[in-house]
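Take a look at the structure set out below.
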Amino acid sequence: MFLFAMGLLLVILQPSTGQFPRVCANTQSLLRKECCPPWDGDGTPCGERSNRGTCQRILLSQAPLGPQFPFSGVDDREDWPSVFYNRTCRCRGNFMGFNCGECKFGFSGQNCTERRLRTRRNIFQLTISEKDKFLAYLNLAKNIPSKDYVIATGTYAQMNNGSNPMFRNINVYDLFVWMHYYASRDTLLGGSNVWRDIDFAHEAPGFLPWHRAFLLLWEREIQKITGDENFTIPYWDWRDAEDCVICTDEYMGGQHPTNPNLLSPASFFSSWQVICTQSEEYNSQQALCNATSEGPILRNPGNNDKSRTPRLPSSSEVEFCLTLTQYESGSMDKMANYSFRNTLEGFADPHTAISNISQSGLHNALHIYMNGSMSQVQGSANDPIFILHHAFVDSIFERWLRRHRPMLEVYPAANAPIGHNRENYMVPFIPLYRNGEFFISSRELGYDYEYLQEPALGSFQDFLIPYLKQAHQIWPWLVGAAVIGGIITAVLSGLILACRKKRKGTSPEIQPLLTESEDYNNVSYQSHF
């Protein structure tokens, strides 16, 4: 009944947030290279009259890139978004959005001054009604068109440098599938030539911040289309799972009774159509995915290549990964050793942190294990398990941030693969976000994880941790000081005892006010560090 009721909202609710703003997907905006739409609240570009923001030229990072992409001027995603726009809204204070009409993550209220912290929960801890509501929200997103965003169906060159716009409407769920595809697609070099060693969302430092921003935008989109401001994406804790416990009709869809590669007809996910899964066809045609339906979701969990991924990740592998102190290292790609990012992403062995691209660990392991739509990078977001999986991966990233408390400078400023330097703007988001802006605690972005919350002691422990670390560093000195203090105390005690023995024969006028036994019974002692 709840699912039916949600279906009725399809003709009522409208979404927002994604890739190309509809109001900027026209010849005039493309030729002017400007995307500074008016805010509805006052009718001025970027809400300038209300002091929300101004239309400004985009300042691009000039930091050098790594050697992985040896071309320049051949891909629309280079120096994002300058091929399409060189002027966008720069929002002030806590305002955000392509027209500064929204609040930054973690803020709410008319003037975006109210802090708000939401909690992402384990999907198996949701009540039946909460779980059904989540599934209904996903189905709603799959069936309602985006009001504010469209997708590009051609390159800038194919658009004749903006004079012939090529954009298309898309539903809210598939908008995010397309964005994931667009960020990870190959570079089209002309003819039948492509460059595959490029990815703006994977295999480099931006993997974790990019997906963090991606989920936050997806989460906010669902909040908007449902009117449920408290909605958060649940996570699936897959550590030590023996099989795909989430793959049931009660949750994300069971297995088809006669075709193990399909979903059970009892799950409405079985009727979903996938997009952006035929990368070789796009490459041969030198075309972009245009969001045409390409068939049902494929999933055959556990029937993958066991030599590459023998099982789902374990708790011990996650714990080892969290001990790694370097966020990034070496070449800062899938060949990086002792890199927390590369180990969590799954290109390095989860027991040694040495790169091994013949195996798939941690994050990658789950994608391979699903053995279907989720196992191909560009189209993996078609399977709704993607959301649950990446929410848990993000929670591991959050654990590492809280444990090691890195400075922003730990995130590489230069020489990372294209699009992954700290100040690079993330492809393909408009409004613009830099990689470094999401290399911070989730609490600063307005959300937490149920299993990471520390109810009473959290804030106090956060306050103490830096001082405890300093104490740990000077511990040898503290021990030495304690030993010396003990010696001095012993010497002084001996001298005092000797003096007291001498005083036993003194006159009453100079006797102590308390006897030794009274001293012992009535004086309280405190120890100090």
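Cβ atoms here come from the backbone N, Cα and C positions, even for glycine.
The Cu cation B site in Swiss-Prot is built from His363, His367 plus one of His390, His404, namely His390. Excluding the listed site residues His180, His202, His211, the same chain places Ala183, Ser184, Ala201, Phe207, Trp210, Phe214, Val377, Ser380, Ala381, His390 with Cβ atoms within 8 Å of the centre of the Cu cation A site Cβ atoms.
Counted within 10 Å of its Cβ, the other Cβ atoms near His211 (Cu cation A binding site) come to 23, all protein chains included. With respect to Asn111 (N-linked glycosylation site), the closest of these recorded positions in Cα terms is His211, chosen from His180, His211, Asn356, His367, His390. Looking only at other Cβ atoms within 10 Å, the busiest spot among the glycosylation sites Asn161, Asn290, Asn337, Asn371 turns out to be Asn371. Annotation note: Asn290 (N-linked glycosylation site) sits in a coil segment as assigned by DSSP. In the three-state DSSP scheme, Asn337 (N-linked glycosylation site) falls into the coil class.
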